[in-house]
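Going by Swiss-Prot, these are the annotated features:
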{"type": "BINDING", "residues": "His2", "note": "Ni(2+) binding site"}
{"type": "BINDING", "residues": "Cys73, Cys76, Cys89, Cys92", "note": "Zn(2+) binding site"}
Amino acid sequence: MHEYSIVSALIEQCEQHALANHAAKITRVDIKLGVMSGVEPSLLQTAFDTFKLDGICKAAQLNIQIQPLVILCQDCQSESVLSERTIVCPACQSYRTRVLDGEDMLLMQLEMEQEED
């Protein structure tokens, strides 16, 4: 299950941002998860809930925004947002498409609480 290594890297990134901003804890983690990222949202949530128990993210809520697949057709220049995992242009049925969005997982926003003086 590669979700564990992904969550480990995500929590490390959160910790770096918290340290840079002198935060005592992180209360919310917002990510964008592409449908073609190869990451299963429910497994990612379970892995996050497991890994967050120790450290600065232990009180954090993980919010996952699913990003649909967005393609650009190289033949008809049509840009399409697709709900299915296909790379076929719905306008002209061409396979000559380029993925614009929906393949990645991105950390979008953190909600942090500052250290008390």
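Positions of Cβ are set from backbone N, Cα and C atoms, glycine also.
Around Cys89 (Zn(2+) binding site), the same-chain residues six or more apart in sequence whose CB sits under 8 Å from its CB are Ile71, Cys73, Asp75, Cys76, Ser78, Ser80, Tyr95, Arg96, Thr97, listed in sequence order.
Burial estimate for the binding-site residues (Cys73, Cys76): highest at Cys73, by number of other CB atoms within 10 Å. For the residue listed as 'Ni(2+) binding site' paired with Cys92 (Zn(2+) binding site), the C-alpha to C-alpha distance reads 36 Å.
Excluding the listed site residues Cys73, Cys76, Cys89, Cys92, the same chain places Gln74, Asp75, Gln77, Ser78, Pro90, Ala91, Gln93, Ser94, Arg96, Thr97 with Cβ atoms within 8 Å of the centre of the Zn(2+) site Cβ atoms.
Summarising the environment of Cys92 (Zn(2+) binding site), the number of other Cβ atoms within 10 Å of its Cβ, over all protein chains shown, is 13.
Annotation note: Cys76 (Zn(2+) binding site) sits in a coil segment as assigned by DSSP. The number of other Cβ atoms within 10 Å of the Cβ belonging to the residue listed as 'Ni(2+) binding site', over all protein chains shown, comes to 12.
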